[in-house]
Amino acid sequence: MFPFGPHSPGGDETAGAEEPPPLGGPAAASRPPSPAPRPASPQRGADAASPPPVAGSPRLPGGPAVSPAERAGEFAAPGALELSAATASASQAKLSPSSSPRRRSRPDWRAGGRSRQGLGAGLGGPGARLFGWLRERSLGRGLFVDPARDNFRTMTNLYGSIHPADSVYLSTRTHGAVFNLEYSPDGSVLTVACEQTEVLLFDPISSKHIKTLSEAHEDCVNNIRFLDNRLFATCSDDTTIALWDLRKLNTKVCTLHGHTSWVKNIEYDTNTRLLVTSGFDGNVIIWDTNRCTEDGCPHKKFFHTRFLMRMRLTPDCSKMLISTSSGYLLILHELDLTKSLEVGSYPILRARRTTSSSDLTTTSSSSGSRVSGSPCHHNDSNSTEKHMSRASQREGVSPRNSLEVLTPEVPGERDRGNCITSLQLHPKGWATLLRCSSNTDDQEWTCVYEFQEGAPVRPVSPRCSLRLTHYIEEANVGRGYIKELCFSPDGRMISSPHGYGIRLLGFDKQCSELVDCLPKEASPLRVIRSLYSHNDVVLTTKFSPTHCQIASGCLSGRVSLYQPKF
């Protein structure tokens, strides 16, 4: 270590008259001294000005390509990063053969706090890159934050390169229309719900047929839901739900009876292991799979509403969303599946029409808020609002299973009613995806609604829980059939049935995440890729949870698998 200079805070005037010889053995020690005369040492207390930099000062042989000032800025402690340009120039002059050796001045360590302000901006090279990387990491971005997220980003880019000619067809055409597709959580099995009472199982990687569950039900199979990597449930128009085990597909695990009409979809709460089903009888039924036997599972009716179409749980199971054919979207906040909701037992937080701007129109009365919308909605609204709980009138209270009644705004349908036929949720719970059709079946729309922050706490609030952010008009074909659309596993893309094929939609051209490109007003979804390979109307589509693959099924029974070719 070099001794302190005579004018450093702890230096001695007599100490360090000359620097020690450089390391490197006798050859380095025998180096002749510089011919330049040694300048006189300044007086104590005088300001010693550094000499101007020596132009064209050569580097030491075999030394690094960077200057000493850059090395000091890269490796020194934070307090030493404020070495002045004159000090760096003096170091260069010292290393020059034509310059005389000088004492190295000690940096002011008390200036470390001031130097930190310019760490990222004042320095170039590795220092700026380092602090730029730290900043991106603190914001949750970059390659080292979430590898799975960046893998999905790569997969999103690959989806844009898929061509219809790359599709693979699965042999399902003898089993009727395809109503639903579902991958196992590990992506190893693809299940197909068919119109003619059967369920087909395929290996999505090799496209080979695994098993056909003949007469899985006595009527159309509508929906399939995996509970884990081996157990899955199916529901049917025969009003039953069946549980299956991939390890033993010869027989059902059990059959569940409880609905009185067509059962349309299945949800599963992984926290409580409760199965949730809904049907056209208007009932939402809870099944306790923890106490399942060959005769069935204990069950109870959880909720009832008229014109029920679809029911979904958010990924954290804190909300339940229910869509109706009369254009309403019901949201149960602070969900508690252990408590049955009889008519009149749940508080209604508000009944409003969602919008993408601030021109919300509501009228309130002493009995609660009333929806301002199409006249065809009033009967359903009156039957719901007349049972409003007084508990929700207290400001600041958001009780368990609080009901919110919304009329989602649909572009072009402001003055007409609409039917919400399909309902999906963002994988991270940020938004809900709806497929809406007009009551006259002359228009179809795909709409994305962002969840607003915070749960509603008052019966009438100036802000709804949902806000329309993106939309796109769909092909008005296959009237009377429900088209099931879906999010990609990372939520960056949407796969939507469109005529005889599917469209991959994004929130912007770069397939950014929703939170990174939220518009101030509702804007159209961007078409990333259109894939048309069917000869009939496509009814359902699904992303693989683990591979870069999309499946679609059509009315004539064909299943297509899309994946990029390398």
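Each residue, glycine too, has its Cβ placed from N, Cα and C.
The feature compositional bias 'Low complexity' is assigned by Swiss-Prot to 87-100 (among others).
Per Swiss-Prot, compositional bias 'Low complexity' is recorded for 354-374 (among others).
What Swiss-Prot lists as compositional bias 'Basic and acidic residues' is 377-388.
Taken from Swiss-Prot, the feature phosphoserine covers Ser50 (among others).
Swiss-Prot lists Ser57 (among others) with the feature phosphoserine.
Marked as phosphoserine by Swiss-Prot on the basis of similarity to another entry: Ser67 (among others).
For Ser96 (among others), the entry in Swiss-Prot reads phosphoserine, with the evidence type a large-scale study or a structure entry.
As annotated by Swiss-Prot, phosphoserine applies to Ser99 (among others).
Taken from Swiss-Prot, the feature phosphoserine applies to Ser100 (among others).
The annotation phosphoserine is assigned in Swiss-Prot to Ser356 (among others) on the grounds of similarity to another entry.
Marked as region 'Disordered' by Swiss-Prot: 1-72 (among others).
Per Swiss-Prot, region 'Disordered' is recorded for 87-123 (among others).
For 354-413 (among others), the entry in Swiss-Prot reads region 'Disordered'.
The repeat 'WD 2' annotation in Swiss-Prot covers 216-254. Tertiary proximity for the repeat 'WD 2' (216-254) is limited to same-chain residues at least six positions away from its ends with a CB under 8 Å from its CB atoms, namely 176, 179-186, 188-189, 191, 193-199, 201, 260-268, 273, 275, 277, 279, 287, 289, 292-297.
The repeat 'WD 3' annotation in Swiss-Prot covers 258-297. Nonlocal intrachain contacts for the repeat 'WD 3' (258-297), taken as residues 6+ away from its ends with a CB within less than 8 angstroms of a stretch CB, comprise 222-225, 227, 233-237, 239-241, 243, 303-313, 317, 320, 322, 337-338.
Per Swiss-Prot, repeat 'WD 4' is recorded for 303-342.
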Counts of helix, strand and coil residues, the repeat 'WD 4' (303-342), according to DSSP: 0 helix, 18 strand, 22 coil
Helix, strand and coil counts within the repeat 'WD 3' (258-297) (DSSP): 3 helix, 21 strand, 16 coil
Summary of DSSP states over the repeat 'WD 2' (216-254), given as helix, strand and coil counts: 0 helix, 20 strand, 19 coil
Helix, strand and coil residues within the repeat 'WD 5' (415-455) as assigned by DSSP: 0 helix, 24 strand, 17 coil
